[in-house]
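As structure tokens, the structure follows; a few thoughts come after it.
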Amino acid sequence: MGVLARIQTPDDLRQLNSAEMKQLAAEIREFLVQKVAATGGHLGPNLGVVELTLALHRIFDSPADPIIFDTGHQAYVHKILTGRKDDFDSLRKQGGLSGYPCRAESDHDWVESSHASASLSYADGLAKAFELTGQDRHVVAVVGDGALTGGMCWEALNNIAAGKDRSVVIVVNDNGRSYAPTIGGLADHLAALRLQPGYERILDSGRRMVKKLPWVGRTAYSVLHGMKAGLKDAVAPQVMFTDLGIKYLGPVDGHDEAALESALRRAKAFGGPVIVHAVTRKGMGYAPAENHVADQMHSTGVIDPITGRGTGSASADWTSVFSAELIDQASHRQDIVAITAAMAGPTGLAAFGEKYPDRMFDVGIAEQHAVTSAAGLALGGLHPVVAVYSTFLNRAFDQLLMDVALLKLPVTLVLDRAGITGNDGASHNGMWDMSLLGIVPGMKVAAPRDTATLREELDEALAVDDGPTALRFPKGTVGDDVPAVSRLDGVVDILRAPSGRNDVLIVSVGAFAGLALAAAERLEQQGISATVVDPRWVLPVPESLVKLAEDYTMVVTVEDSGLHGGVGSTVSAALRAAGVDVPCRDLGVPQQFLDHASRAQIHAELGLTAQDVARQITGWFAGLGNLRPEQQNGVVADLDAQRAEKQQG
């Protein structure tokens, strides 16, 4: 029996000797590779925190001592050690193990962290609560993967430092590759110099001496200066944290479990706020991840566990289409610049940065700063494009409203992963954006349905110079283009226009065009005539769409976003404002936190399939009392089928 098979709770870890701990770390890495390869997930970050998580659970008494993982995708090892290893075959699947900490799964999961930079604020609040209620507990926050670039961390640190007697242990999981050169005698010598008061003076003296030498000396200085710059981040935390009044321990080798235990034991005994700086390597122990240049296999789909290569299709996705089009636009518009918040690869801006390095700005995990910095770029005469995941726009709403929209600045937001994203759970669904954007004065929002309209609408957004614009598109592959039959007033695309009766006008939003067309075909079989339109620009509601609605018995909107404040509600409001007395119904995502599952499974649960949409519209249409004799049989039969299904369910 292997060591991992004997681990059911953190208490079991404390019975192991040094050799068994090393064996356990190796077994956990093998387990992670095999399981994540089959389900997809965050592989690289978890391979990098194996020893760190083992040490945390050996030194601290979870769940009495909360261990809070910032950007909780690095909590897989924590889950393995807290009784959930047998559930990993269901990782990120419907009804299975969440890819993030989950309070419903275990008492060891205090929060459901997945958005970065929040762990220190949680820790600050918990420590204050324990102090006020007389509980002698330690609070641990594990923060890494760039989360310290988020301003919220520094707001929290400012407050944590004031609690001199509160035991808050902040573990900085530093897996940046800038520490790769810090090995050998030179690294040891520079580390010793850093601890001396005259470190900077000695470096300055050395710089002057070396630069006086022939050109070789200048080259040598450049190399040494580069090494210093690469290592500077190892010095800065100590200075910054100790100046705040927080004790600093480290850097510690994040893959030396014994050294980590020693540092954590000292931190625990200190009795006040402490930083433990652990230097780790993302993807540690798995060659395909260690050698993955882009991000050490930060997040993967299903892969071959031997080669690390993906097994999915290579079809074009929304992100790559946007990336190519933005590069093309920038080739003939020098005013276009791009901004991302530590998501250059996932949002498609990495290629833009390679092509136009001086026009690309990665600001770290700082969405608030990204948007207001974009405002500054716009004030300077440029047209910034801010590409973020839809769910992360929530963090920058005030900046969008007050720093961009109030000034009527031409800033374009590109919201990737809009709508239901699925496997990453409630925190990553991009279902809130329309509700937020809809209340911003002067905001214009486009929802492309395919490759052609994405390119077209990005071009149109970049032409707007009197206010903010946004494009939203979903996760995944694009699919075939959905051609329009005609375009109304140069704005609204007519995708389906049956001759004769005008029963139902279906307003499809973005990539739901295919769904709307399939539902319309089903309605036709019931004798209900359905026209399908794509407004393209969903905010503000096009006047031509409002005028078109006058001719129909009923209007139905179908969208992959929240119903409250979504496209449906804005269309209804526009119809009322124009005095158009036509019933308007909306189909979309209810305003609730949705459990993780595939996008298709969630859409099915929400009734956002062609069959369900057609049935819902059939019921509404019948309820209006407008059925003609020739429609009765088909509609009645369909309603009977719905009742039978409900009874069986």
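Just so it is clear, glycine is given a Cβ too, placed from its N, Cα and C backbone atoms.
In this structure, G146 (thiamine diphosphate binding site) belongs to neither helix nor strand by DSSP; it is coil. Residues annotated as thiamine diphosphate binding site in Swiss-Prot: H73, S114, H115, A116, G146, A147, N175, Y286, E367.
What Swiss-Prot records for D145, N175 is Mg(2+) binding site, and it gives sequence analysis as the kind of evidence. Under DSSP, N175 (thiamine diphosphate binding site) is assigned to coil, being neither helix nor strand in the three-state scheme.
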Key: Span of H73, S114, H115, A116, G146, A147, N175, Y286, E367 around thiamine diphosphate - largest C-alpha separation, Å   = 32
Inquiry  = According to DSSP, does H115 (thiamine diphosphate binding site) sit in a helix, a strand, or coil?
reply    = coil
Message = So if I draw a 10 Å sphere around the Cβ of N175 (thiamine diphosphate binding site), how many other Cβ atoms end up inside it?
response = 23
Note = The number of other Cβ atoms within 10 Å of the Cβ of E367 (thiamine diphosphate binding site), counted over all protein chains shown, is 30
